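Asker: My questions all concern the structure below.
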Amino acid sequence: MCKIYLMAKSFLKDVLLGFSSLCDRTAAPLRLLLAVSGGADSMAMLSAFLELKSDINAEIFVLTVNHNIRPEKETLGDAQFVLDFCNDKCPCILAEIPKNTVFDEAKNRKTGIEDAARFLRYNEFEKAADSLNADYILTAHNKNDNYETVLMRLFQGSEPEALMGISPRRGRFIRPMLNISRSEIEEYLKEKNIPWREDATNLEASYLRNKVRHNLLPVLSICFDGWQSGLDKSLAKIKAQNDFVIASYKTKKEEWVLDKKEDCCRCKFLFFLSLDEALKLKFLQEGLILLKGKRRIPYSVFDDLMKLSDTKKIIFSGGFCIKKEGDEVLLFKAVTEEKTSEVFYSIWIDKPCSFDTPAGNFKALENDDGFFIVHESDKTCGIGPFKPPFCVRSRLFGDEIETSSGSKKSVKKIINEWNIDYENRNILPIIEEGGVVKGIYGAVFGKKNWYVVGDLGVKR
């Protein structure tokens with residue numbers, strides 16, 4: 001009993017310390033909105049703040065979101081679990097995102113389901129916080145989540161700022177458990193006899209975060225005992241160096257001038273040449289932000305554009321152009337005759353239909369087995385069956401598909417083996433069902449179709 005009490009007390013102390021270091025409001029009582037899914041992390045956070053609310057003089061409110069992207073029994077079960085737990089403890093709001101809204105948002109944003117669900121979920125957080133006049137919105141990200149995020153960004157070639165990991169505070173969003181590990185969270189829940197729900201999608205290997213969590217991290221622990229400490233030290237050094245670059249950048253004597261009439265950014269050519277590589281990168285990022293909105297731009301584009309010089313006076317890359325014109329540098333959006341990979345499409349199928357893609361016209365046909373996708377030039381029955389709703393889209397970074405041996409193979413590698421022309425690679429139809437790539441329609445470019453159907457295995 002004494003050990004349980006001490007463990008619980010230590011956990012509460014860590015949560016309180018994390019919260020206090022991020023909270024700058026002195027008005028009382030604080031109104032806190034907790035984002036609770038029913039999983040271990042958010043249930044531990046909720047339980048902790050219910051115990052701490054008198055110490056911090058706070059009113060606790062809970063929001064749980066039903067995304068309607070998992071089976072109804074499972075997703076409604078999670079929501080009802082949270083509602084029941086909060087019943088006599090604190091007010092709880094259930095936000096229902098209508099069915100297919102996440103899929104439609106993924107199509108509109110040209111992203112995956114996870115990103116679309118997060119975008120909609122955070123919109124619900126903001127709306128609920130506004131209606132409750134909440135001071136802060138609390139999410140239950142923990143130390144493990146942060147390491148996973150850092151490693152994913154590291155291997156994706158992210159910038160130094162992104163390698164700082166999950167931000168502890170962004171606006172009124174606070175993450176008080178970033179210094180608490182998942183094992184500490186589960187130990188606290190077990191010792192306090194607090195129930196939680198398991199999300200089956202946390203085990204699905206199709207999601208990059210799950211691959212990192214279940215495959216990469218165990219190997220790191222075997223090969224590099226205590227790797228977390230080493231990573232922390234490296235990140236601290238990167239942060240110090242990046243802070244120096246940012247401080248140096250703020251002393252620059254010129255800025256981009258946005259020319260709205262010409263839809264371009266301008267600066268002095270000699271000033272651009274005078275910047276060293278790190279500052280030139282920051283300067284280009286600033287210019288492209290003025291031009292692009294929020295679209296992610298690969299580092300290779302910046303690397304190309306930085307090469308502007310007296311001998312190389314015009315450069316096209318990634319849908320942008322930088323050129324020397326007189327004594328100025330002009331930066332603007334431009335599509336050239338160069339081949340571009342900036343193609344994305346996504347069509348969600350939930351009923352028989354005909355639809356157009358950059359790869360041509362397709363039909364979604366239904367029979368007793370399910371849905372089949374057939375290209376206009378295909379004389380066969382096409383590819384399938386698939387269970388709706390499913391998506392026909394262009395490829396995304398990290399796409400993988402099952403092989404006949406049961407292992408996974410990257411779609412990029414398959415495309416390379418098929419020798420698909422560069423301009424056709426990003427219009428090759430990919431079929432995604434339940435967040436998993438289940439088919440590649442290779443026949444549109446004279447290749448064999450590749451698809452996975454239930455227990456029947458891989459068909460090529």
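Placement of Cβ uses the backbone N, Cα and C atoms for every residue, glycine included.
Taken from Swiss-Prot, the feature ATP binding site applies to Ser37, Gly38, Gly39, Ala40, Asp41, Ser42.
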Asker: Determine which residues of the same chain, besides Ser37, Gly38, Gly39, Ala40, Asp41, Ser42, have their CB within 8 A of the center of the CB atoms at the recorded ATP site, and list them by sequence.
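Answerer: Other same-chain residues with Cβ inside the cutoff are Val36, Met43, Ala44, Ala140, Trp196, Arg197, Asp199.
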Asker: With an 8 Å cut-off on Cβ-Cβ distance and a minimum sequence separation of at least 6, pull the same-chain contacts of Gly39 (ATP binding site), or say none.
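Answerer: The list for Gly39 (ATP binding site) reads Ala140, Trp196, Arg197, Glu198, Asp199, Asn202, given in order along the sequence.
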Asker: Taking the Cβ of Asp41 (ATP binding site) as reference, which residues of that chain separated by at least 6 in sequence fall under 8 Å from it?
Answerer: Ala140, His141, Asn142, Asp145, Met177, Arg182, Ile185
Asker: Just counting, how many other CB atoms are there within 10 A of the CB of Ser37 (ATP binding site)?
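Answerer: Ser37 (ATP binding site) is surrounded by 23 other Cβ atoms within 10 Å.
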